[in-house]
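Engineer: Below is one structure. I have some questions about it.
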Amino acid sequence: MQRKNFTEVTEFIFLGFSVFGKHQITLFVVFLTIYIITLTGNVVIVTIIRVDHHLHTPMYFFLSMLASSETVYTLVSVPRMLSGLLFHNQPISLAGCASQMFFFVLLATNNCFLLTAMGYDRYVAICNPLRYTVLMSKAVCVMLVSGSFGTGLVMAVLHVAAMFSLPFCGTVVEHFFCDIYPVMKLSCIDTTVNEMINYGVSSFVILIPVSLIFISYVFIISTILKIASTEGRKKAFATCASHLTVVIVHYGCASIAYLKSKSEDSAEQDVLLSVTYTIITPLL
């Protein structure tokens, strides 16, 4: 069918957390508190790393890049989510929705590959300490960060171009931001091609970094177990524990949200999972 046969949709309305009814004010307070802590933590991390010259190392360079990326990442969705908890049925224009989805995909992908770069950094530091300064030179670090951002940019352009070439009939997004699947469900036509694109991109963005991180940690754990002293093993693993925690939470929830079959689709489950990787993971 031709686009002209459909009523043109110019804006969307988020369903958000309306199913929680009177508990929305409580959720607003909880999410606002977490958001403030997250922003404060990220600002403190970036500031300390910039001020303290002892922290001008690859590990802290990646950490500052991740903190900066996570700050902008939360700005994309959380403020509007908080606003929706107080003022219901706030519309967002089609262009606004496309922009939000673009930056969400860009920064989410960037974060995934930054976590991968951090895993590689820990692998080199623990498994090849004598070659660390050579393998993790400033040029290599910049290249890894640029590659993460560039990959995110390509994925974002691909997603948004495919999504907003569709005609839309529905206006109510069963989510608190313009995520891929909830917006796709509003299309008037068959979205099989878009679903294939989304599954392909999601598989690339999730499975490749997870595989690389898994390989890194196989070598890391193998090396740690060979350390003679218990104190040495604890110290080596302590540098990886926080990174590994974020990786498990981030990729675990993202995999469930974006790699599940359509038959398992649940708006409530999607919202709860999205809360985890848009609010909880940045806090960690």
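Placement of Cβ uses the backbone N, Cα and C atoms for every residue, glycine included.
Whatever TrEMBL says is automated annotation, not expert-curated.
Dumping what TrEMBL says about this protein:
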TRANSMEM  25-48  transmembrane segment
DOMAIN    41-284  domain 'G-protein coupled receptors family 1 profile'
TRANSMEM  60-82  transmembrane segment
TRANSMEM  102-120  transmembrane segment
TRANSMEM  140-164  transmembrane segment
TRANSMEM  204-225  transmembrane segment
TRANSMEM  237-259  transmembrane segment
Engineer: For the transmembrane segment (204-225) and the transmembrane segment (102-120), does the number of C-beta pairs under 8 Å, pairs 6 or more apart in sequence, reach 3 or more?
Structural biologist: yes
Engineer: Can you find at least 3 Cβ pairs under 8 Å between the transmembrane segment (140-164) and the transmembrane segment (102-120), where each pair is 6 or more residues apart in sequence?
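Structural biologist: When sequence-distant Cβ pairs are counted, the transmembrane segment (102-120) touches the transmembrane segment (140-164), since at least 3 lie under 8 Å.
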Engineer: For the transmembrane segment (60-82), what are the same-chain contacts with Cβ under 8 Å, counting residues 6+ beyond its ends?
Structural biologist: 14, 16, 28, 31-32, 35, 38-39, 41-43, 45-46, 49-50, 90, 92, 100, 103-104, 107-108, 110-111, 114-115, 117-118, 121, 141, 144-145, 176-177, 278-279, 282
Engineer: Which whole number is the mean pLDDT over the domain 'G-protein coupled receptors family 1 profile' (41-284)?
Structural biologist: 86
